[in-house]
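In what follows, a single structure is set out as structure tokens and then discussed.
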Amino acid sequence: MPICCRSDVNLPDQDDSRKYTRDFMETKKILLLGTGESGKTTIIKQMKILHINGFSDDDRREKIPNIKQNIHESIFDIVNNMDKIQPPVRPKTAEAEKSIEYILNLGSNTPSDFTEEYFNQVKIAWNDEGVQQSFERSNEYQLIDSAGHFLNRIDEVQKPDYIPDNQDILFCRIETRSISKIEFEVPLSKFQGGQARFWMYDVGGQRGHRKRWIQVFDGIQAILFLISASDFDQRLREDPTKNRLQEAFDLFNDIHRSKFVREAGLIVFLNKQDLLEKKILTQHRKVEQYFPEYANYVPDKKENWDGSNEYDRARLFMKHKVMSIASSPIKIENVGFVPGYNINQELPPRDVYVHFTIATDTNNIRKVFETVREIILKEITTVAFY
Ligand SMILES: Nc1nc2c(ncn2[C@@H]2O[C@H](COP(=O)(O)OP(=O)(O)OP(=O)(O)O)[C@@H](O)[C@H]2O)c(=O)[nH]1
Ligand SMILES: [Mg+2]
């Protein structure tokens, strides 16, 4: 589809169209892709913090209703699932039982009024041991990743003069439903002068939103594909019969093979490393329970695995899965269009760069993006031109 026909990206006025075409040719265009809740919008927020003007007090205040919505959705889902997980968990005190009843009676919709009474009831429930057990087992149902962050910060959020800090902004979860774009400039390299302009596109990652991605495939230099590495023990929100991490690998396979983005460089962020580490080292979750082939996986020598750190083995396994998808051959059929002949051409393997990331950690993303920027500016022209 021609780029000028995109309907839901903020397009310039007619008068600006020539400048727009020129800009479009000169700017490095990066597309953020990945399944729902993988961290794409969080990366966009980091670019705003690192390379644009950050968030003003007004921007921050605007997010307060969403943060309160995150709190209610979180506590509601945690207490609502206590008797549904197997084996179920029970509140440990009669007081917590009453608070849970209060929350359940409000229903899943966000309350119109966040009263002192409301926050008190939520705090009583959140401090209950049984509720904490349900929270620890949230991989057995659907819970947003911001739950722990905001439920631990209720005292702060509750204050009349509360203004969200950068961490609150980065954790606040709002599902992306339409396509948007940010523009920023960064130095060409650490050593040279000059600026490079980037356009970064954000899209919705849930299944229902993916059919719109093709609208922004045109002229993309690089795809940043986000995979939530901590998803290995979770089920997909849109289809609870499917493993979330498997969905991410399948989607990555589709993108890798897509003829629409064959010339774009592929950079993969194995994201949510903080949550993956916690699941493996603190909660002792077993990857092989969800990916049986993990049981026999030994990292390649070049990865320098120390032979004992299970979290390192898990993240290297995920990198290995990505690399094996990326190195599997792509066949194009009927190239040449010679009548009577069916010529099959196999494309050479494509370069894929993998990074372990924590999208909510500004320092981590600053460092990773420095590398990504170098790749896009220097190497992208040599990548994936068949
Ligand atoms: N702990 C932790 N949380 C993260 C990380 N990356 C993202 N999150 C949180 O995960 C949730 C989902 O992140 P989003 O950036 O909204 O995900 P998305 O890919 O834009 O999701 P869609 O818009 O549905 O496609 C948010 O609450 C983020 O704060 C991470 O590395 N660590
Ligand atoms: Mg999003």
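Using the three backbone atoms N, Cα and C, a Cβ is placed for every residue, glycine included.
DSSP assigns A359 (GTP binding site) to coil, not to a helix or a strand. Feature annotation from TrEMBL assigns GTP binding site to 37-42, 145-146, 170-176, 202-206, 271-274, A359.
With a cut-off of 8 Å between CB atoms and residues at least 6 apart in sequence, the same chain places I174, T176, D202 near T41 (GTP binding site), listed in sequence order. As annotated by TrEMBL, Mg(2+) binding site applies to T41, T176.
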If you count other CB atoms within 10 A of each CB, which of T176, N271 wins among these binding-site residues?
N271
Listed binding-site residues (L170, I174), ranked by Cβ neighbours within 10 Å, top entry:
L170
Looking only at V203, A359, which of these binding-site residues has the biggest number of Cβ atoms within 10 Å around its Cβ?
A359
Number of other Cβ atoms within 10 Å of the Cβ of E37 (GTP binding site) across all protein chains:
25
